[in-house]
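Straight from TrEMBL, the features:
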REGION    1-34  region 'Disordered'
COMPBIAS  21-34  compositional bias 'Basic and acidic residues'
REGION    199-235  region 'Disordered'
REPEAT    283-325  repeat 'WD'
REPEAT    327-368  repeat 'WD'
REPEAT    413-445  repeat 'WD'
REPEAT    513-544  repeat 'WD'
REPEAT    545-578  repeat 'WD'
Amino acid sequence: MAATESGLVSYGSDSDSENESESRITPEKVEPDSIAHLQPLKSDSIMTLSLLNSAPEVAVKEDVETGVHLDPALKEVTYNPTFETMFAPEFGPVNPFRSQQMAAPRNMLSGYAEPAHVNDFMFEQQRRTFSTFGYALDPSVDTSQVSSTGYIGAIEEAEKNKGLTVFETGPKKSEKRRKVKGGDAADIDCFLGPWAKYQDEKDGAKPSEDEQKELDEITAKRQKRGKNEEEAPAEEKTILHIKDAYDYQGRSYLHIPQDVGINLRSPDIPDKCYLPKKQLHVWTGHTKGVSAIRLFPASGHLLLSCSMDCKIKLWEVYNERRCARTFIGHSKAVRDVCFNNTGTQFLSAAYDRYIKLWDTETGKCIAPFTNKKVPYCVKFNPDEEKQNLFVAGMSDKKIVQWDIRTREVVQEYDRHLGAVNTITFVDENRRFVSTSDDKSLRVWEWDIPVDFKYIAEPSMHSMPAVTLSPNGKWLACQSMDNQILIFGAQNRFRLNKKKIFKGHMVAGYACQVDFSPDMSYVVSGDADGKLNIWDWKTTKLYHRIKAHDKVCISALWHPHETSKVITCGWDGLIKLWD
């Protein structure tokens, strides 16, 4: 206790003495913190500062050995590394599969490209020279000291051409002028004029008299042959393939057979139709693709076909299904055929620019018609009183009307802007509808050469095949955008947007469309040789049959059979489906 008191006394004596000294210096009372920065540091304060500064000493770049790589697993670095050190590649085992080329330094995918100062023209010149002659200047060699070793590629070719580039190999202008003038360019006296011959030019030997006669004969024959082809039609002939042209009663094959049950009742009460599913018969005889097929009017017991082999054939649809007769009379492919109302005569249109009228029973060609243009389609006027008139759509944008009795053109409908593809009679044969390559549809009054209805939309395509429905109310048009469009055929000829049949590929081909007799189905071929059958009410694609190896160009539904469809294709075959 005494010791404690003595310590307190001593502590107090010390503080008293300090206070006395401070009071001597500054008589006023001063805060100790306000003058702490003016007093010198003591040894214990210096020690405290050294303890507070605990950051590690950082080595400078010179203290670190060069070539040191950082361990990727290292999480603490005790010095400031350079960029190269931080991003240097990791050390590891050498890849034994890496080639020397791959291990070499590269600055692009194919290797190391050294910078070279070459302008664009020089680079393109050397590139073209290398691609043409196989050699080019070596860019690593000084151009002022170019020798045979200063090239890369075909060095021998470079020595042969003396290192000329593609821009320097042409003949010099002075040499050409000297050749034309026939002497030295400097010698003005030897200039022979602008029409002078070359130095090495020789006169061709003239033919002798005999050779000249032969040449004249050949030329005359060629000219005569060309005139004959233009003026005279091909020779017509016919071949009867059945044994007897007439039966024991004197009836020809045009007579409707009585033993097959053909129903010629009114089409207002058609039977219910069904989808064809199997192949029933194949008619063979054409050597090239078939262009079109037509059934005999009313009965449909005969089938007429035209082909690219320049022939027209008449086939039996019932019984033995034989080829009855062949009609030969065109020199080029036959494009279209058309029966008259009774079927006793038919027209054929071919690429030889002729339309010919034939007798169906005898096979005789009654009359040829031509206006020196290619007919694309031909149609008799279906009116009973106008069976002597027919119209044809021509390649010169016109529809031409002929009279069979006078064999002269009696009317021309010239309003289309492209070749006419189809002609279809509507409205009880008072009007007809035509389509053309100009992507339009025009409606005409008979014998009036001005169209009263013109249908053309920017979205419309060419329609090279058109069929009238059995009830006469609709026109089915095969459009080149792989659709079948339906137009009204009575008053306004409006497009029925609810009846669009899709799902087949016909772009580029005039595939004929047809209806079933009861208006239940729509049938069409396509470019793949398939027969497509749609439902009329729902426009759904019901059935698809692989009918031909090539384009199926036409499909006909027999008017008196509930499920028989006839197709023809560019494979030269005609098939019957049931």
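Just so you know, glycine gets a Cβ as well, placed from its N, Cα and C.
No curator has checked TrEMBL annotations; they are predicted automatically.
Non-local neighbours of the repeat 'WD' (513-544) in the same chain are 267, 270-273, 275-277, 465-467, 469-471, 476-478, 484, 498-507, 550-557, 559-560, 562, 565, 567, 569, 571, 577; each lies 6+ residues outside the stretch with a CB under 8 Å from one of its CB atoms. Here the repeat 'WD' (283-325) has Cβ contacts under 8 Å with residues 238-242, 253-254, 256-257, 260, 262, 264, 331-343, 346, 348, 350, 358, 360, 363, 512, 550-551, 553-554, 556, 558-561, 566, 568-576 of the same chain, all six or more residues outside its ends. Taking H, G and I as helix, E and B as strand and the rest as coil, DSSP gives the repeat 'WD' (513-544) the counts 0 helix, 18 strand, 14 coil. Note: the repeat 'WD' (327-368) comprises 0 helix, 23 strand, 19 coil (DSSP; helix = H, G, I, strand = E, B). Residues of the repeat 'WD' (413-445) grouped by DSSP class, helix first, strand second and coil last, total 0 helix, 19 strand, 14 coil. Counting residues per DSSP class in helix, strand and coil order gives 0 helix, 17 strand, 17 coil for the repeat 'WD' (545-578).
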